[in-house]
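*Asks:* Below are the features I grabbed from Swiss-Prot:
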type     : residues      : note
SIGNAL   : 1-19          : signal peptide
DOMAIN   : 46-161        : domain 'C-type lectin'
DISULFID : Cys83-Cys160  : disulfide bond
CARBOHYD : Asn122        : N-linked glycosylation site
DISULFID : Cys138-Cys152 : disulfide bond
Amino acid sequence: MRLILLSSLLLLGIFLANGHEQDPDGKVLNSLIDALMHLQREFANLRGAFLTVHKARSFGSGSERLYVTNKEIKNFEALRQICEQAEGHIPSPQLENHNKAFANVLERHGKEAYLVVGDSANFTNWAAGEPNKAAGACVKADTHGSWHSTSCDDNLLVVCEFYFIL
């Protein structure tokens, strides 16, 4: 949508740079201005609709982050590729309500899933005795949202995290 708006502005600029000899009554210019205004309204409507859907999807979880599964069972590397292709991220809960929203997905499907824990994480939810590097280099969350060290080769539920900053 932004590409269309930019293209319209470019056309308007080209038209203005070429002068008004070809359009002495300003009909073409007015038509371009009307089209641009229509595109701006459409963009505003789409943005509003998108935000409404996003707010509705995140309402129940109390988190602005969405945790979505395709119900596949994969290892960590496959998860990374799937989330990247979907323009999402491997889950990385930064707050308790993020972790609860993530755990709700796992509980609903009765499966565990990978997550990543940043070096400077302010929030963690390690299970007792964790992290345990001997268990593996990756981290998984159980259906209650507790975190456990695990092998990156384990096949777990594919869950990707999506968040929107506008």
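Using N, Cα and C of the backbone, Cβ positions are placed for all residues, glycine too.
Here the structure is a predicted model, which means the values were calculated and not measured.
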*Asks:* In the predicted model, what is the mean pLDDT computed over the domain 'C-type lectin' (46-161)?
*Replies:* 90
*Asks:* Please list the DSSP helix, strand and coil residue counts for the domain 'C-type lectin' (46-161).
*Replies:* 41 helix, 28 strand, 47 coil
*Asks:* If we count other C-beta atoms within 10 Å, could you say which of the disulfide-bonded residues Cys83, Cys138, Cys152, Cys160 has the fewest?
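*Replies:* Selected from the disulfide-bonded residues Cys83, Cys138, Cys152, Cys160 on minimum Cβ neighbours within 10 Å: Cys152.
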*Asks:* Round to the nearest Å and give the CA-to-CA distance linking Cys152 (disulfide bond) with the residue listed as 'N-linked glycosylation site'.
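*Replies:* Approximately 24 Å lies between the Cα of Cys152 (disulfide bond) and that of the residue listed as 'N-linked glycosylation site'.
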*Asks:* Identify, in sequence order, the residues in the chain of the residue listed as 'N-linked glycosylation site' that are 6 or more apart from it along the sequence and have a CB within less than 8 Å of its CB; answer 'none' if there are none.
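*Replies:* Set apart from the residue listed as 'N-linked glycosylation site' by at least 6 residues yet with Cβ under 8 Å, we have Gln94.
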